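Asker: Okay, so TrEMBL annotates it like this:
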- 10-203: domain 'YjeF N-terminal' (DOMAIN)
- 62-66, 122-128, ASP148, ALA245, GLY298, HIS350, ASP417: (6S)-NADPHX binding site (BINDING)
- ASN63, ASP118, SER151: K(+) binding site (BINDING)
- 210-477: domain 'YjeF C-terminal' (DOMAIN)
- LYS387, GLY388, ASN389, ALA390, THR391, GLY416: AMP binding site (BINDING)
Amino acid sequence: MLGVWTTEQVRAAEDRLLARTPDGALMRKAAFGVATVAAAMLRDLTGGTAGRRVTLLVGAGNNGGDALWAGATLARRAVAVTAVLLSPDRAHVEGLAAFRKAGGRVAADLGDPDLVIDGIVGLSARGPLRPAAAALVERVEVPILAVDLPSGVDPDTGAVDGPAVRADVTVTFGARKPVHVLNTAHCGEVRLVDLGLAPELPDPDLITLEADDVGFAWRVPGPSDDKYTQGVTGIAAGSSTYPGAAVLSTGAAVLATSGMVRYAGWAADHVRDRWPEVVATGTVEDAGRVQAWVVGPGLGTGQTGRDVLTAVFSDGVPTCVDADGITLLAATPALWDARDPDAPVVLTPHAGEFARIAEPLGITLGADRVAAARALAKRLDAVVLLKGNATVVAAPDGRTLVNAATSSWLATAGSGDVLTGLIGALLASGLDPWLAAGCAAWLHVRSAELAAHDAPVPASLIQQAIPAAIRAARNLVADGPVKP
Ligand SMILES: NC(=O)C1=CN([C@@H]2O[C@H](COP(=O)(O)OP(=O)(O)OC[C@H]3O[C@@H](n4cnc5c(N)ncnc54)[C@H](O)[C@@H]3O)[C@@H](O)[C@H]2O)[C@@H](O)CC1
Ligand SMILES: [K+]
């Protein structure tokens, strides 16, 4: 599990650390980390460092100071370093002096570099790149290393509202900030330089799950388990128009649990044909006992859908509501009345579904996706999994995790149905609903990575990669769930 802290939290922690650290020591440590990564990138790109060319884009604050100190270190290693000062009067004084002393050169233009270091703006960034910086960045044709964060991207929301740096690698300091998990497309690979900040940091604002967290959370059957004790997942999905949604979500649940899966709905024959191990019936009432329900994928938004949702809620078990289920709740809020207040609900909207259900409640999906997901989770007393390139999962109590996509191959028809089935299986296994949604999101991304191999991948192949993704997560957990 990796922690993520807001810029306000990081700033306060840095102030406490700075108070007991010699002047300039933290900046030099940060800059040394930048120089080390820059040298490694140069070696990868060109086979060496001596005589290679690096251009620094230097803004007005300490972020530019980091770049200048890093430039000084590189210049001492015989790299030809040029600095373009975007605010020459406000450039970091000590950093600039060290840079010049080491043999760095100040110039008005980019030159012809092998690598560019973005030290335009860091933690204090507000809004997109200003025109002069934007014009320079637009002309960069070589890899970019961003200092702390890619300039022009909002540090706390990852939002981009105009010109911004798209980095290949971002070297950040002390703690990950929200931008690093919310906008991996602009950050590229994120490296963290340890500044010794940990003792000063409060509890993280967000977390992001790693493979071993997911492996640890996955329920492994013991010798006394049978098909019922591991949790039975119920799937109420599909219609004559969308039988495929039923097959995809049910199959994902089958592959994600060694317990049992029941299906209730129109597509029972389709489901049985593809997944003979599923106990399939026509209605929720006939389905038998389950420990969690999935409701919504391909369900339709008419009276049948409303009846199914009501029947599922009346069962009083943890429930994941997706797709048409969300649209139904948005159109007919009275459907919530059937919910047992003690039974957790997980909602899995994409941006459009989020707007549908949240806007009537006065919650809009703006640049701050974390704030929006948290507000809706609290308001509806439900876990909200907001889909997107970075998936945000907020619990009603405020716990929030972000799962960053590593590519966009998951954005394919039916992919959401697979995710829903995974969530259902994890809910049925008794996992905390927030963690269940987070682990499912992680596994979904991993399955797509394994299935895609840098090519388009249909949802049915993402589904087939589920066992391999579970194995990848579980392999990191020695002898089962023993993590302290
Ligand atoms: N505080 C510390 O202990 C440390 C800070 N470090 C560095 O210091 C950075 C923060 O430095 P600062 O607080 O001086 O601020 P920045 O360097 O982030 O920003 C400097 C100034 O740029 C201007 N600015 C804001 N948005 C802009 C935009 N879109 N385009 C152009 N200019 C813009 C503002 O006037 C702002 O005050 C961190 O990101 C990190 O790189 C590191 O040296 C590690 C230690
Ligand atoms: K930067």
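Here, residue 1 is simply the first one shown, and the rest follow in order.
Positions of Cβ are set from backbone N, Cα and C atoms, glycine also.
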Asker: Which ones, of the binding-site residues GLY65, LEU123, ARG126, ASP148, SER151, HIS350, have a Cα no more than 10 Å from the Cα of GLY416 (AMP binding site)?
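Answerer: Final answer, ordered: HIS350.
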Asker: Long-range neighbours only, meaning 6 or more apart in sequence with Cβ under 8 Å: which ones does LYS387 (AMP binding site) have?
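Answerer: Non-local contacts for LYS387 (AMP binding site): THR348, PRO349, HIS350, ALA351, GLY416, LEU419.
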Asker: Starting from the Cβ centroid of LYS387, GLY388, ASN389, ALA390, THR391, GLY416, the recorded AMP site, name every other residue in that chain with its Cβ within 8 Å, sequence order please.
Answerer: HIS350, LEU386, VAL392, ASN403, ALA405, LEU410, ALA441
Asker: In Å, rounded, how far does the Cα of LEU123 ((6S)-NADPHX binding site) sit from the Cα of ALA390 (AMP binding site)?
Answerer: 21
Asker: Between ASN63, ASN389, THR391, which of the binding-site residues has the fewest other CB atoms within 10 angstroms in the structure shown?
Answerer: ASN389
Asker: So which binding-site residues out of SER151, GLY388, ASN389, THR391 end up within 10 angstroms of ARG126 ((6S)-NADPHX binding site), measuring C-alpha to C-alpha?
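Answerer: For ARG126 ((6S)-NADPHX binding site), the binding-site residues whose Cα atoms are within 10 Å come to SER151.
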Asker: Can you tell me the mean pLDDT for the domain 'YjeF C-terminal' (210-477)?
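Answerer: Result for the domain 'YjeF C-terminal' (210-477): average pLDDT 94.
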Asker: Looking only at Cβ atoms, how many others are within 10 Å of the one on HIS350 ((6S)-NADPHX binding site)?
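Answerer: HIS350 ((6S)-NADPHX binding site) is surrounded by 16 other Cβ atoms within 10 Å.
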Asker: Could you tell me which three-state DSSP class LEU123 ((6S)-NADPHX binding site) falls into?
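Answerer: For LEU123 ((6S)-NADPHX binding site) - judged by DSSP and reduced to three states - the answer is coil.
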Asker: Out of GLY65, GLY388, GLY416, which of these binding-site residues shows the lowest number of other CB atoms within 10 Å of its CB?
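Answerer: Taking GLY65, GLY388, GLY416 as the binding-site residues, the minimal 10 Å Cβ count falls on GLY388.
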Asker: Out of ASP118, ASP148, which of the binding-site residues has the smallest number of neighbouring Cβ atoms within 10 Å?
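Answerer: Candidates: the binding-site residues ASP118, ASP148. Fewest Cβ atoms within 10 Å: ASP148.
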